[in-house]
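**Q** Sharing a structure below in structure tokens format, with a few things to ask.
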Amino acid sequence: MAMELEYRNTFIDVKEEFEDMAGSSSKARAQSSPPGRVRRISFSLEAASEEDAMRSYVGTLSQKTADLTKKLQEDQTPTTACGSSPTSPMSWDDSPGSQVGVEHVPVLAEFFPLLPSQGSLGHPEVCRRPCIYFIAGHCENGRACAYCHMEHTEKTPKLDKRQRTIIQGLTRPQLLELVMHFCRSKAEQAGFLEEAREILGLLAQESAGARPLAQVVADRDLRNLHKTLARMNFSNLIGLVTHQSPNRVGNATPSADLLAASLEQLRRHFLPAVRA
């Protein structure tokens with residue numbers, strides 16, 4: 001039996017030869033009720049309205065992007081691809097998962113040719129976070145970049161949600177005592193224990209009398225937290241302390257600024273020697 005296909009009312013229909021034969025005894029095929037005229041008009045208007053609304057929304061986004069770009073160009077000094085002016089003191093955060101943080105003293109320009117980037121100073125323990133643009137293959141700042149351009153063997157470790165909750169629940173002395181152990185170990189292994197004594201002294205002084213963590217943190221949680229902290233470098237560990245929320249009871253202290261300044265001084269110990 002020959003069959004012919006046709007498109008009808010958004011359906012693919014089969015048209016058989018005997019449908020048009022007079023006196024056919026076959027039963028009529030079931031058919032869907034075609035959409036009414038009012039329904040088609042309503043659907044068309046609704047679709048057109050949604051399309052106009054979406055076009056207007058996209059146009060608004062484009063305008064906002066253009067306005068923001070113009071404002072940044074007019075109100076700010078020329079910025080680098082990594083988000084800062086290469087010659088201006090800016091705030092950078094070395095704590096995992098953050099982009100803004102402590103103020104630092106820029107490395108002197110005469111040392112730029114001796115470093116892959118400004119942020120590479122002190123690699124791998126006291127350098128800054130890896131430059132995502134350099135990793136992607138191109139950083140417009142080059143040696144003036146405030147992030148590290150040297151190879152990092154593994155991705156910067158980050159605290160998970162559970163660990164962040166634990167850290168936020170610690171008093172400042174407890175957090176400093178926790179971090180101090182890993183900072184001392186890192187400095188000793190990397191051979192800059194003497195240079196880091198000022199920072200370690202600040203940590204020890206403020207963490208004195210802290211309640212043991214074993215009394216407030218479950219053993220399993222504490223073991224997992226230790227594993228994560230052990231993978232962080234010296235700068236990341238200090239970043240956890242300098243950026244702890246000052247709004248919590250016992251956290252409001254000027255020591256964060258002292259630690260940040262001491263970390264910058266420690267970085268300057270790693271300035272390469274200039275040949276005469």
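Going from the start of the chain as shown, residues are counted 1 onward.
Backbone N, Cα and C atoms are what each Cβ position is placed from, and that goes for glycine too.
Owing to the predicted nature of the structure, the values given are computational and were not obtained by experimental measurement.
Look at TrEMBL and you will find 75-90 tagged as compositional bias 'Polar residues'. Marked as domain 'C3H1-type' by TrEMBL: 125-152. Here TrEMBL flags 70-99 as region 'Disordered'. Annotation comment: TrEMBL describes 125-152 as zinc finger.
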**Q** For the domain 'C3H1-type' (125-152), jot down how many residues DSSP puts in helix, in strand and in coil.
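**A** Helix (H, G, I), strand (E, B), coil: 8 helix, 2 strand, 18 coil.
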**Q** Compute the average pLDDT of the predicted model within the domain 'C3H1-type' (125-152).
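**A** Mean per-residue confidence for the domain 'C3H1-type' (125-152): 92 out of 100.
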